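Marked as transmembrane segment by TrEMBL: 76-93, 99-119, 131-154, 174-197, 209-229, 273-295, 307-325, 337-357, 377-394.
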Amino acid sequence: TTKFLVIQFHQIWELYIQVEIQHSKHYCQRDSVPQSGITYRIVMKHSTTGNRVTIFCLEKDFKHGSIVQKYALRSYTYLLIHVVPAWIYHQLLQPNRLLIFYFCRCLLGLLCAFCELYFYKSICREFGVQVGRLTLAFLVFSAGMFVSSTAFLPSTFSMYMCLVSLGAWYQRKYELAIFTTALSTFLGWPFAALLGLPIAIDMLFRKRYIIKFVQWSAISVVVILLPMIKLDSSYFGRLVIAPYNIVYYNVFTSHGPDLYGTEPFHFYILNGFLNFNFVFVGALLAPIMLVIVALLVPSKPRNPACIPYWLSILPLYLWCAVFFAQPHKEERFLFPVYPLICLCGAVTVDAVQKLWFRFFVRDTEKGTHYLTHTAPIMVVTILVCSLLSIARILQEFDRYHAPLDLFMELNNLTADRKLPSDQNINVCVGKEWYRFPSSFFLPDNRWQLQFLKSEFRGQLPQPYSSLPNATLIIPQNMNDANREETSRYFDIERCHFLVDLDLGSSTEFEPNYSKKTDRWTIVKSIPFLDTARSHVFFRAFHIPGVSKRKYNHYKI
C-alpha cells in the first residue's frame, strides 16, 4: 500500500533528473559537473531507456550513441520486457500515452514491493526479527528508495535483482541467488556482477559447492545471455553482446565515462545523506559497530550455519570501494545497493541498542532481552529518519515538479486551442532539453520535440528513423565522444511552442524568451525552485511554514 501511495505522487524518477540543475549551485556539488555530464545522465535515462520503449509503442522517438548500431552499448531485450505490459494496456484499455507511462511505473513499483518483502523475510531469518523490522522501516520511508523504486533504469532493475539474490543467499537458496545475479548482470547492468562476488566466495570457498556454482552459472548463461544475444543481434543487424560492449567502453577505451563529467570523492557521501540521512551514516559505520559489539557484548556463539557477518554485508562495501574511487559519479550508480544501505543502517542501530543495554541498563533480571529496555532507541531512530526522508520527498515533488506539469499541459492545449490538424506541431527546448521527461508526454505523433542551440556543447539525442528497419540503420552525425552535433539544432522560427526556465538572466545562446513579448506569448507558468538563491538546508528538505526559498518560473 505504501508503495502504491508513493507511485501516485507522479513517480519520482523525473524529479531525480530535475534536481540535477544545470545552471545553479546544488547541495551535492552538482554545479561542478560539466554540461557534458548531464548528457550522459539523460542519455541513460531518456534517450537510451525510457524513450526506446516509445518507439515500439508510439512509433516515434529519440536515440543516442549507446544504442546506435555501431556502438550497441545497451540491450533491446531489457526494453522489450517493459513493452509487453505497455502493449497489453494499449490493446485492452484506453490507449492514452500518459496512462501507459504511469501504468508501467505502477508495475515497477509493485515488482519492487514484492522484492522488498522477500528481502525482509530473508533478513529476519539471517539477522533476526529486530534487524528485519528496522530494515523494513528504512526501506519504506527512505527518500532513496522512493526515487529508485519506480525508475525506468537498468540500475533499478539491478536493485530489484539485488533484493532477490541477496534474499535467496540469506535463505541458502543458492540456485536462485546465482540466477538472479545473472539476470542483474546480463539484462540489467553488467557492473552489478560485483554484488555477486560474496555469494561466489561463500559457495566456492566456504561451502565447497563448486559443481552447483558452475552448473547454475552455465544454466544462467544458456537461459539468459544466449537468447539475449540472439534478440539483440536481430535488432542491431550484427552479432552484439551488449553487456560486454558497455564494460569495454567504460573500462578499456581511452575516453570512457569521464567524458560526461567528474565529481569529488565526497559526492556520494552528500548524496547518500540526502537520500537516507542518518541511515546512510549508520550503514558506513556498521562494520565498526559489529566489531565493537563482538568485543564488548557477551553473547552466545552464532549458529555455524549462518553466514559470517563480514561476508553477508560485504557487497555494500565492495560497491562503495569501487564506485567511490571512480571520477565519474552519478546518483543512479548507487541504486543497486540502496537496500543494503537500509540493512547495514539497521545493523548499526541494533548494535547501538545492544551496547546501550550492556553499559547503561542496570538492575535487570537475568535473561532479560535487550529490546525490553532499548525499544525507545529504535522508535526515535525510525521517527527521526522517516521525518527527514518525508521532508526530502516532499521537497523534490513540490519544488522540482514544474517540468512534468508543463509537459502534461501540452495535452490540454490540443483541446483548448485551434491547432492545425494537417501539420506537425514543433515543441522546442533550449537549455532545458535535459528535463524533457519522455515522448509519452507529447499528445500524439504530430507533436515533435525540437532542440534549439544553447550554451550546451555536448551531443544531443537524435530522432529515430520512422522506417521499419530503424534499429538497423547507422545514423549520420553520431559519435561516442560526446562531441557537439550541430545537425540537431532547429530553426526557432518554425517553433509553435517553446518550453524554458526563466532565470531572469540571458546569454547569447540562451536568451530570456519570455521577455520577447513581440514574438512569444506565455501560455503557462509554474514556480520552480532556484537552488542558487535558496538556503542550502531548505532547498534540500521541505520544512512547513519556512519560506527561505527563492523561485524561478518554468514556462510554455
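Backbone N, Cα and C atoms are what each Cβ position is placed from, and that goes for glycine too.
Most Cβ pairs under 8 A with the transmembrane segment (131-154) among the ranges 174-197, 273-295, 377-394 are made by 377-394. Remark: the transmembrane segment (273-295) makes no contact with the transmembrane segment (174-197), by the rule of 3 or more CB pairs under 8 A.
Through the fold, the transmembrane segment (337-357) approaches residues 116, 119, 123, 127-128, 130-132, 134-135, 138-139, 142, 144-145, 148, 159, 162-163, 166, 195, 272, 275-276, 278-286, 289-290, 292-293, 296-297, 309, 313, 315-316, 319-320, 370-371, 373-374, 377-378, 381 of its own chain, all at least 6 residues removed from its boundaries and within a Cβ separation under 8 Å. Under 8 Å from some Cβ of the transmembrane segment (377-394) lie the Cβ atoms of residues 9, 12, 130, 133-134, 137-138, 141-143, 146, 274-279, 349, 352-353, 356, 371, 540-543, all in the same chain and six or more residues away from its ends. Within its own chain, the transmembrane segment (174-197) has Cβ neighbours under 8 Å at 75, 77-78, 81, 154-155, 157-158, 160-162, 164-166, 168, 203, 207, 209, 212-213, 216-217, 219-221, 223-225, 228, 243-244, 246-247, 314-315, 318-319, 322, 336-337, counting only residues six or more beyond its boundaries.
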